[in-house]
Structure formats: C-alpha cells, structure tokens
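Here's the structure we're looking at; comments come further down.
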Amino acid sequence: MPITLAQAQRAMSSYGLSTFYILGTIGNFLLICILIQRTHRQNSCALYLLSATIVNFILIQCILPAGIYSADHVDPQNISPIWCKIRSYSFNSLLMLYRWYKMAACLDRAAMCNRHARIRSFSNARVARRTILIITIVWLLIPIHLAAYFRIESNRCIPQSGIYAKFFSMYSIVISGWSPPIVMAIFGYIAYKNLKKVKPRINPSTVPTGIINDHLNNNIASRTSDFHYISKRNRQLLLLLICEIILYMCTNLLYSVNITYSAITSDVSKSSDRIYIESFIAYFSSPFLIIINNCAPFYLYLIISSKFRHDVQKLFTYCCYSHKITPTQNNQLTTISKRGTIINHNNDL
C-alpha cells in the first residue's frame with residue numbers, strides 16, 4: 001500500500017500539478033487582462049476579484065514549480081531550512097490573501113443588495129481599494145510566525161514541536177480551515193437572497209426619465225438602459241462569485257476536515273500504514289485540491305457567464321486586430337493629414 005500511494009502521489013505531482021500550472025498560468029493571466037480594464041476597475045466586486053486573481057498568479061508561479069520538481073526529486077522544503085520557512089510563509093500568506101479577498105467580495109455583494117442606503121454605500125470602488133490595502137498589509141504580517149517557527153524535523157518541514165505545534169493546529173483549523181467557507185457561505189447567501197428581493201422593487205416603468213440614482217452599481221446612470229446594463233453586470237458578478245464559493249467549499253472541505261482530524265488524533269499512536277494513508281490524504285487535500293481554486297476561476301467564469309465570454313472575445317479581437325494599419329490605410333491617413341494642413345494654411349491666408 002505505501003508503494004502504491006507513493007506512486008499515486010508522484011503521478012499527481014508530475015502530471016496533475018503540471019496541468020494545473022499550465023492552465024492556471026494562462027487562465028489567471030487572461031483574467032487579469034480582462035479585469036484590469038477600466039470598465040471593471042470601477043466596480044468594487046471586480047476589484048476584489050482582480051486582487052484575488054493577481055494573488056493566484058503569484059502563488060502558482062512561486063509554489064507549483066517546486067511541487068512539480070518534487071515528483072522525481074526530494075522536496076526542496078524538506079532539505080533546505082531557508083526554503084522551508086519561505087515556502088511555509090508564502091503559501092499560507094498568499095492563500096489567506098486569496099480567501100480574504102473572496103470574503104470581502106461576498107461582503108461587498110451583500111452590501112450592494114441591502115435595502116438600506118447606508119449599508120449599500122460600502123459597496124463602492126473607493127471602499128474596495130482601502131479594504132484591499134488593509135487585507136494585503138494584515139496578511140503579509142500575520143503569517144510571519146510560520147517563517148520563524150517552521151523547521152525541518154525528521155526530514156519534513158513542519159511546525160516546531162511543542163506549544164507552537166498546538167497553536168498552529170488551532171490557527172489552521174479556525175483561521176484557514178473553517179472561517180473562510182463559513183463567512184463566504186453566509187454572506188453569499190445573504191447577497192443572493194437580498195438580490196431576489198431587490199429585483200421586484202426595480203421596475204423600469206417606475207423609473208423616471210432622466211438621471212436616476214444607481215445605488216446598486218456604484219455609479220450614476222443617466223439613462224434607464226444604462227441602469228439595466230450595469231445591473232445585469234452586477235448580477236453576473238454575483239453569480240460568478242456564488243459559483244466560485246461552491247467550488248471553494250467542494251475543494252476545501254476535505255482540507256478543513258483533515259486538519260481538524262489531525263489535531264484531534266495528534267497524540268494517538270498510529271501504525272505505519274495509517275501514517276502513509278494520512279500523509280497521502282493530507283497531500284491530496286493540500287496542495288492538490290486547494291490549488292484548484294487558484295487555477296479554475298477563469299474557466300469557471302467562461303462556462304457560466306455569457307457576458308464574460310463576450311469580454312474574452314473582445315480581448316482576443318483587440319489583441320489580434322488593434323493597431324493593425326495596412327499600407328493603404330496608412331497612405332490614406334497621410335493624405336488626409338496633408339489635406340488638413342493645406343486647408344488650414346489657406347484659411348490662414
């Protein structure tokens with residue numbers, strides 16, 4: 001059994017993580033190119049998604065290559081004390097940044113759909129930028145203890161045995177394991193429930209002609225058609241966020257259960273076969289399943305949202321055809337420019 005599990009883990013590292021690396025790199029790069037556009041940067045939820053996507057891209061480039069390398073070689077974190085500390089800190093910090101950006105996005109959508117204008121005012125781009133800055137600073141500082149107390153023991157990069165090991169177990173269970181999915185689920189459900197209540201109140205026939213106050217979309221819409229367009233975009237963002245929450249729960253549930261189980265059974269005497277099985281489950285839950293959340297958003301959005309597919313099509317169209325001026329067009333532009341100069345000169349005379 002140990003040999004079979006070792007072979008399975010080696011294949012997952014070699015082929016699975018390699019696939020995740022390629023798809024995640026391409027998907028997150030394209031998603032950044034789409035979300036960084038000006039129309040998206042004015043939307044608070046899109047800003048949170050952009051921040052999470054940037055973190056995903058960095059995490060994939062920093063963590064996955066070492067995981068792929070360990071398929072046929074000794075894992076660098078188990079032989080290099082410096083890399084053990086750097087990898088532990090960076091992996092935890094980047095994952096927590098991703099989770100908290102998504103939690104903030106859920107709070108933002110819940111605020112957007114709230115019936116009270118004061119609460120809706122928190123769903124705007126200015127608040128989002130400040131929140132992103134605070135989250136970034138906090139989660140670059142908090143995980144520093146991993147760099148200080150992670151070390152190589154028994155040829156494994158693990159938290160220092162003793163009091164810190166127990167502290168890290170509680171930290172992982174509460175902060176990393178159960179808090180993010182619970183918060184995402186609660187506020188995602190609140191946002192979806194409130195949105196169903198909001199839609200009947202927004203009746204196009206009751207909206208007066210002229211300027212209308214678009215509380216739901218963080219903008220001022222001057223026409224009813226603009227209001228519908230922005231409202232549809234926000235509903236699409238909420239739908240994408242809810243689907244991503246579902247994906248997060250499906251891929252992180254095993255991790256949450258496993259770290260809770262490991263903490264409960266930490267003092268139990270275990271056979272060698274049980275240790276091998278638990279080690280394989282720990283690897284399968286993290287990083288194998290967890291990393292799916294960092295690689296899949298682009299493809300999830302592509303499947304679910306027709307508006308997102310249109311944005312992708314526009315991106316490829318822009319990349320393929322923009323700034324392409326044929327020689328004939330260039331000569332025409334030069335001729336027009338010369339004619340304009342001659343006309344202006346005659347007028348001056």
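Glycine residues also receive a Cβ, built from the backbone N, Cα and C atoms like all the rest.
Beyond the ends of the transmembrane segment (12-35), by six or more residues, the same chain brings 41, 46, 49-50, 53-54, 56-57, 60-61, 64-65, 67-68, 70-72, 283-284, 287-288, 291-292, 294-299, 301, 308, 311-312, 315 to within a C-beta distance below 8 angstroms of the stretch. As annotated by TrEMBL, transmembrane segment applies to 12-35 (among others).
Look at TrEMBL and you will find 27-301 tagged as domain 'G-protein coupled receptors family 1 profile'.
Per TrEMBL, transmembrane segment is recorded for 47-69 (among others). With a cut-off of 8 Å between Cβ atoms, the residues of this chain six or more beyond the transmembrane segment (47-69) that come close are 13-14, 17-18, 20-21, 24-25, 28-29, 31-32, 35-36, 40-41, 75-77, 83, 87, 90-91, 94-95, 97-98, 101-102, 104-105, 108, 125, 128-129, 131-132, 136, 237, 240-241, 287, 291, 294-295, 297.
The transmembrane segment annotation in TrEMBL covers 89-111 (among others).
Marked as transmembrane segment by TrEMBL: 132-150 (among others).
Through the fold, the transmembrane segment (170-192) approaches residues 92, 95-96, 99-100, 102-103, 106-107, 109-110, 112-113, 238, 241-242, 245, 248-249, 252-253, 255-256, 259-260, 263 of its own chain, all at least 6 residues removed from its boundaries and within a Cβ separation under 8 Å. TrEMBL lists 170-192 (among others) with the feature transmembrane segment.
Residues 43, 45-46, 49, 102, 105-106, 109, 113, 169, 172-173, 176-178, 180-181, 184-185, 188, 191-192, 195, 281-282, 284-286, 289-290, 292-293, 296-297, 300-301, 304-305, 308 of the same chain sit 6 or more residues outside the transmembrane segment (237-261) yet have a Cβ under 8 Å from a Cβ within it. Positions annotated as transmembrane segment by TrEMBL: 237-261 (among others).
Sequence-distant contacts of the transmembrane segment (281-304) (same chain, at least 6 residues past either end, Cβ-Cβ under 8 Å): 9, 12, 16-17, 20, 23-24, 26-28, 30-31, 49, 52-53, 56, 59-60, 63-64, 67, 91, 95, 98, 239-240, 243-244, 247-248, 251-252, 254-255, 258, 262, 312. Under the heading transmembrane segment, TrEMBL lists 281-304 (among others).
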